[in-house]
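Found this in Swiss-Prot, in case it helps:
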BINDING   His175, Asp177, His190, His203  Zn(2+) 1 binding site
COMPBIAS  450-461  compositional bias 'Pro residues'
COMPBIAS  483-496  compositional bias 'Pro residues'
DOMAIN    225-273  domain 'Fibronectin type-II 1'
DOMAIN    342-390  domain 'Fibronectin type-II 3'
REGION    434-507  region 'Disordered'
MOTIF     97-104  motif 'Cysteine switch'
Amino acid sequence: MSPRQPLVLVFLVLGCCSAAPRPHKPTVVVFPGDLRTNLTDKQLAEEYLFRYGYTQVAELSNDKQSLSRGLRLLQRRLALPETGELDKTTLEAMRAPRCGVPDLGKFQTFEGDLKWHHNDITYWIQNYSEDLPRDVIDDAFARAFAVWSAVTPLTFTRVYGPEADIIIQFGVREHGDGYPFDGKNGLLAHAFPPGPGIQGDAHFDDEELWTLGKGVVVPTHFGNADGAPCHFPFTFEGRSYSACTTDGRSDDTPWCSTTADYDTDRRFGFCPSEKLYAQDGNGDGKPCVFPFTFEGRSYSTCTTDGRSDGYRWCSTTADYDQDKLYGFCPTRVDSAVTGGNSAGEPCVFPFIFLGKQYSTCTREGRGDGHLWCATTSNFDRDKKWGFCPDQGYSLFLVAAHEFGHALGLDHSSVPEALMYPMYSFTEGPPLHEDDVRGIQHLYGPRPEPEPQPPTAPPTAPPTVCATGPPTTRPSERPTAGPTGPPAAGPTGPPTAGPSEAPTVPVDPAEDICKVNIFDAIAEIRNYLHFFKEGKYWRFSKGKGRRVQGPFLSPSTWPALPRKLDSAFEDGLTKKTFFFSGRQVWVYTGTSVVGPRRLDKLGLGPEVTQVTGALPQGGGKVLLFSRQRFWSFDVKTQTVDPRSAGSVEQMYPGVPLNTHDIFQYQEKAYFCQDRFYWRVNSRNEVNQVDEVGYVTFDILQCPED
């Protein structure tokens, strides 16, 4: 084995599925949001052989000898029967989940010997998938690391910040590292070899269905099963159920049995539902209230209106416009679709597709054989869809494979090895002797005698027991809701700022008007904040000049350094980002993440500081460093490297080397020395419409 650069699990699928002969060619539809392409067997083989280094560009033609030679190389590498033909076994191997690094030839590499030079490796779980409870995800990652610590001197310690060696992230599509995911059943995950910055990090595609390899894991609340997960399928009144149901209840609250036979065992719990609670937000875990009013319109279900990140939310009072209380709706992972253009939404049955009614998931219209459903009653009209739940991918096994790459391992050519390119589910011990030889070549054996790695995931995931009253039948309604939001949930917006804004200035005699140049200026919580050497003033524009301060920055944001370069607040999530040198701090209310290095955002070493930020709406922000800028995604907290632009071209008339770039009252300000240039965007054209003094014209200081 040899270390290589990022390792990407890929699921390639054929353009046609096995089916009985039909009198006519089946209709294949282009589904909105679907990145899969329909390929013939030969096209698939040519693309596969080229992508993984078995053929060259010039050979991608009708040259049968080149194709046969490439197939033999592939078959030899993957320990397949060496026929040189595009046979069934070879095609199945090409369809299987696997890493995307070439098997032959060179790939872009990082510098160094690509191993860690310390034995205590730290890791940080930056965010979570909604497919599994957080404690189950924590456990899966811990067991995946234990696979490698069992046979080496390495130890793995969880930390809670970006200083970690290995940062674990769930993301979708373009997530900031230049290796985008491509939706359901495409790229599963990738990892980078050991080293600084992004090296060592592991990313997982959040459009996949993450399970323990045997179907969805649905935690229960209340009932009489002490929080045990649902058991699918289960029997109720002689009928089999493979998802949560509202049958037997008059309040339409979904429930499930936690054993295979409710009729015999009578053990049950309630499935995640907005009827029980809404998570995160500022609604204190209370259930959704339907109908509720938002922007004058009545809503009787959860909605994504008003949000650009696709999260479903609801009001926890009857009038959001008045009370501003909300939460995010729990995802029904037992029935929620993945991928497509409606991830997280449940299937709607029956639905209309090409004029025909469907009451179950179908393969019709697809060339890859995957089951799908509409998430509205009429696909022909609404074009809303997703893939139906399946067994999913074992987060434990995929993580163990990816962490092998994060430790410096390349792929194995032994089919039984964990580091073999293709993913396969197993409940046995994941490590093969080839894996052990590879990792011990890098780090040596564990000093204890003959340790054994973990053998299998637990039969039941750890869960949090419900605090509600026990009940005896699913026909009975729970008498109390949960006391707070569940552990799992989106990372979306708490709306509250710090618990208390300071009201008493440090030194009221310290006049803001005597400051010539500020360290940073930013609009935060509807006030324009002026930062200088560990202090700040708040300014609001109204009748007369209204300035409060100075206040000590650590009294509001304790982790911040004395000198700031820039800051901004995201209007959707209410997260506040502070930049100083090559570091960034992210505050959500009183909670902070950081300092993080700028390279974790995707900004290279040439970016020595972030000199300003302009929110663009929709969770996007322009980050500036002198004469360059990049588009920053607040949700993934990464920049799009392809978005780099020139300030001179985008904002003509603005001087060189500006600082304190900020947005105020929907206009952009570029400061240089004591002056500012205000930019107004009319008809998508940026024009300087005002030049003035920061103190005299913005702060309305008197001219002495």
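All residue numbers here begin at 1 and follow the chain in the order shown.
Heads up, the Cβ atoms here are built off N, Cα and C, so glycines get one too.
So where do these features actually land, and what's packed around them?
The secondary structure of His190 (Zn(2+) 1 binding site), as reduced to three states from DSSP, is extended strand. Within 10 Å of the C-beta of His190 (Zn(2+) 1 binding site) there are 24 other C-beta atoms, taking all protein chains into account.
Over the domain 'Fibronectin type-II 1' (225-273), the average per-residue pLDDT in this prediction is 89.
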Taking every protein chain in this structure into account, which of the binding-site residues His175, His203 has the most other Cβ atoms within 10 Å of its Cβ?
His203
Test of understanding: give the count of other CB atoms lying within 10 angstroms of the CB of Asp177 (Zn(2+) 1 binding site).
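A count of 18.
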Looking only at DSSP and grouping its letters into three states, which state does Asp177 (Zn(2+) 1 binding site) belong to?
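In the DSSP reduction, Asp177 (Zn(2+) 1 binding site) maps to coil.
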What is the number of residues in the domain 'Fibronectin type-II 1' (225-273) that are helix, strand and coil, as DSSP sees it?
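Counts, helix then strand then coil: 4 helix, 14 strand, 31 coil.
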